[in-house]
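K.L.:
This is the structure, below, for whatever I ask next.
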Amino acid sequence: MILVKKYSRLSDSRKNIIKNLFWAILGKVVNVLGALFVGILVARYLGPSQYGLMNYVISYVTIFMVLSAFGLDNIEIRELSRKKGRENEILGTTFTLRIIFSLITLLLEIVTLIIYKADSYTTLLIIIYSISIFMSSFNVIRNYFTSIVQNEFIVKTEISRTVIGALIKIILLWHKAPLILFIIAAGFDTILVASGYVIGYRKVGTIMEWRYNKSLVPFLLKESFPLLLSGAAIIIYQKIDQVMIGNMLDNKSVGFFATAGKFVDVVLYIPMVLAQTLTPLLVRVKETDLISYNIKKQQFLDIILWVSIILSLLTSLLAYYIIKFTFGSNYLAAVPILQIMVWKTVGMALSVSSGQLMIMEHIQKMSVIRNIVGCALCVILNYLLIPVLGIIGSAWVTIITVIVSGYIVNAFIPAYREIFKSQCKSVLWGWKSLYNFRKY
C-alpha cells in the first residue's frame, strides 16, 4: 500500500521509467527462466561437443547478421523519437534497406563458407540458421516500440516466443532428435519473434502504411555507416572468440565457453535494458533543457556502470554453484570462465552507455575507431593466448577488449574526452547515483 502511494506521487516520466523497467525485467525473467531451463536440458542432452557445434553455428551466423542491420537500429530509434509524424516513412525505408542488406549478407556468408571449405554438415547447419538474418529485419518494429518507451509490446512478443520455442525443444528432447532439428528450432524462434512484432504492431498501426522514401536513404546510410563499422567490430569481438576456439581447439571447448557466455548474457541484459529504457527520455530532456541533460547524462552513466559492477561481483562469487546446479558436473570446466568473463558486463556497460551519448550528441562518427581497436585487439590477443592458455586466455581477452574499446580509447579521441572524464567520475563516484535513481 505504501509503495502504491509512493508510486502515485511520482512524475509521469518516472512512472513511465518504472513501468517499462517492470515490463522489461518481467520479460527477461520469464525468458531467462524458460530459455535457460530448456537450454540446460538441451546442453545436457547434446553434451559439450555437440552443444559447442551448435553455438559455433549460431556465432558464425551472428557475425554476418550485423551486416544486415547496417547500424540502422540506434539511428532509427533516435529519428523516431525526434520526428513524430514521420514514423511510416522511417519504418518503411529502414525495413527496405534491411531486406536488401540481408540478401547481400547471405551471399557473403555463402562465399565465405566456400572459400574456407567448411565441412558439409556444418555448412548445412549454418545455411539453415541463416533464416534468422532475414527475420532480424522485423526488428524495425521493436525499435519503434523502444522509441515510444513501450516495452510491454516487446515483452509480450518475446515471452510468447520463449514459451512456444521451449515447448518445441522439449518435444525434440522427448523424441531424442538430432542436432539439426535443434538448429531448425532455433531458426524458427526468430520467425516467431518477427511474427509477434507484426501482430503487436497492428494495435498501433499497419505495415501497409509504411512508405519507402528514397530521399531518406542517403541520410540514414551516412548516419548509420560509422555504426555499421562499430557494430561489426563489436559483434566480431563478441562472437569471434567462439569461432576461433572452434577452429584452434575443439567443439568441446566451445561448449564450455558458450556455457559461461549464456550466464554472462543474462547478466548483461539488465544494464542493456536500463540503457534502452532511459535513452529516449534522455533524448527528450536534451532537446528542452541542456543543464538538466548534463546532470542526467552523468547519472545515466553512473547507474548503468554500478548496476553492472554489483551484478558481476555476485555472479563471480556464485559461479561454481550456478554451473554445478544447472548444466551439471560435465560442464564444471566452465566455472573459471564464468568467474572471469562476467566482468565483461562492466566493460560493456561503459561502452553501451557512452555509445548512446555519442549518438544523442551526434558525435558517433569517430566511434568506429574505438570499436576497430577493440576488434583488432580481440583477434590478435585470442590468436596469441588461446594456444597458450586455452579458453581461460580467451576469457581474459573478452574483458580486456571491451574495457579498452569502451573506456580507455575515449581518452585518445578529442571528441570523446568529455565522455571519458564522465566515465572516470562514474568509476570513482558513480555508486552515489544508485541512491538517487528515483530523482532521474
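From the backbone N, Cα and C atoms, a Cβ is placed for every residue, glycine too.
These numbers come from a predicted model, not from an experiment.
Copying in the features that TrEMBL gives for the protein in this structure:
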TRANSMEM  21-47  transmembrane segment
TRANSMEM  53-75  transmembrane segment
TRANSMEM  95-115  transmembrane segment
TRANSMEM  121-141  transmembrane segment
TRANSMEM  180-199  transmembrane segment
TRANSMEM  219-240  transmembrane segment
TRANSMEM  303-323  transmembrane segment
TRANSMEM  329-347  transmembrane segment
TRANSMEM  368-385  transmembrane segment
TRANSMEM  391-413  transmembrane segment
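Set these features in their place in the structure for me.
P.N.:
Within the chain carrying the transmembrane segment (21-47), a Cβ under 8 angstroms from the stretch's Cβ atoms is held by residues 54, 151-152, 154-156, 158-159, 162-163, 165-166, 169-170, 173, 176, 179, 182, 255, 259, 262, 266, 269-270, 273-274, 276-277, 326-328, 330-331, all 6 or more beyond its ends.
Within its own chain, the transmembrane segment (121-141) has Cβ neighbours under 8 Å at 53-54, 56-58, 60-61, 64-65, 68-69, 72-73, 76, 91, 94-95, 98-99, 102, 105-106, 109-110, 113, 179-180, 183-184, 186-187, 190-191, 193-194, 197-198, 200-201, counting only residues six or more beyond its boundaries.
Residues 42, 46, 54, 57-58, 124-125, 128-132, 135-139, 141-142, 154, 156-158, 160-161, 164-165, 168-169, 172, 207 of the same chain sit 6 or more residues outside the transmembrane segment (180-199) yet have a Cβ under 8 Å from a Cβ within it.
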K.L.:
Report, as numbers and ranges, every residue of the chain located at least six residues beyond the transmembrane segment (219-240) whose Cβ falls under 8 Å of a Cβ in that stretch; write 'none' if there are none.
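P.N.:
Long-range Cβ neighbours of the transmembrane segment (219-240): 59-60, 62-63, 65-67, 69-72, 74-76, 79, 93-94, 97, 351, 355, 359, 364-368, 370-372, 374-375, 377-379, 382, 398, 401-402, 405.
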K.L.:
Are the transmembrane segment (329-347) and the transmembrane segment (53-75) close, by which I mean at least 3 Cβ pairs under 8 Å that are 6+ residues apart in sequence?
P.N.:
no
K.L.:
Counting a contact as 3 or more Cβ pairs under 8 Å, with residues at least 6 apart in sequence, do the transmembrane segment (368-385) and the transmembrane segment (391-413) touch?
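P.N.:
By the criterion, they touch.
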